[in-house]
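If you look up TrEMBL, you'll see 3-81, 101-178 marked as domain 'DED'. According to TrEMBL, the domain 'Caspase family p20' annotation covers 233-365. According to TrEMBL, the feature domain 'Caspase family p10' maps to 394-477.
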Amino acid sequence: MELARWSLLAVSEELDGAELAALKFLCRDHVPSRRLEVVRSPHDLIEALVEVGVLEAGNLAFLRELLYYIGRIDLLVAPLRSTRQRVERELRAPGGARVPLSRYLLYQLFEDITEDELMSFKLLLVKELPKSKLTPETTMLDIFTEMEKKGLLGKDNLSMLKSLCEKINISLWNRIEDGLNLFGQEEMLITEEERGSTGGPEGHLVSSVASDPPVSFNHSSHQLEAYKMTSRPCGVCLILNNHNFAKAREEVQEHKYMKDRNGTDVDAAALRNVFSKLHFRVEEYRDLTAEKIRNTVDIFRREDHGDKDCFVCCILSHGKKGIIYGVDGQEVPIRELTTSFTLQNCNSLAGKPKVFFIQACQGDAFHKGVTIETDSGEQDASVERTARFQLDCIPEEPDFLLGMATLQDYVSYRSPREGTWYIQALCQHLEYSCPRGEDVLTILTAVNQEVSRKTCERDATKQMPQPIVTLRKRLLFPVN
């Protein structure tokens, strides 16, 4: 009994305001609205759940379900002394999932919606909801909650939501339908033509088969086996950080305008910080010539990684299609670096993930201002445009992941003060999502989403990163 109380208190102290809002939304079918309105803290919410009987001293299954849905896998492990696998088994059991499928899918929609889409919802609902509920601070969860209060949304009333999605982005509605279909739930949105034969109200969702737990919809990847990541240190994180290209300007005529990569140290610091927290031994090498890049990589190729679980290499330099530059302006093919860690060349990493993050231009650049710079090496260039990425940059064998900052016809930005869009977004998402149990491919998708939304206001150019993978399992970077 005392252990359960301590666990509840410990969980409440770890949740932030955004997570509290998510939990309140997921609990709306179990806690009366008036009771939820006076909940001001995670501790208040837990007290409310105890009051209504869905949390008991000897049964914290509902709390485990909630934490699983919001991605706080770390709290399942400690203080609840549970695991992701246990929760997934519980949710698959008959009656195991207490959060209704429709609410779970709405929560997933909230997590995926863009700022522009949220603004569109607010504009379309201005006549339906009070203006005080449509402020800049209003989230999509707030909108769903207000629609429910007004009777505009419910588990058997999704017609208005469908209509709004059709006007804003039909793929939003498709996600709801796909989720319902995925669980064998035979549903139909009753149209006006069908009303006469069914007798049902227009636009109501009619379910003939109860839905399965939502565990498989958003978390289908969780059924895959994960790479072992229990060694401490987990592995090596090698950072090759090239900043000063004076040697290239002096010795190579075609690179006489190649600029120093101001801002790269900001990226390197962010990488050091996050991979140290992820239990990697971080090794940084600065301003390497092409030959020294090869020699450094060879040192780590020959190192015995037998007691490690992973290898990470982050390359920050100028580059062009399929290559990176040493500070002497000489070329090193990306494939030469990645193939150094194949089964034939580095047997101690056999079956283990080899991860490369490359911040380097893969094509030509525009010639504009200098406040935003390029990694193509051109004079006074503000952005870099990539040519088609060469798929042969990674070996034809499993367990490799290559994260490139750029994609064909898109641009990649580096700020002298703030670092690059790609590396900064990558580090922020790793730091936020790894403690929540997200796998690396999911995190890279979030990085793609964030970077692709950014726009250089001066010339309206954008950037799209690209991950290339031959991973066979889920890759999670542990924090605990």
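Backbone N, Cα and C define each Cβ position, glycine as well.
From a predicted model like this one, the values you see are computed outputs, not experimental measurements.
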Restricted to the domain 'Caspase family p10' (394-477), the mean pLDDT of the model is 81
Taking 3+ C-beta pairs under 8 angstroms (sequence gap of 6 or more) as contact, is the domain 'DED' (101-178) in contact with the domain 'Caspase family p20' (233-365)?
-> no
So, by DSSP, how many helix, strand and coil residues make up the domain 'Caspase family p20' (233-365)?
-> 47 helix, 36 strand, 50 coil
Secondary structure content, the domain 'DED' (101-178) (per DSSP, counts of residues) = 54 helix, 2 strand, 22 coil
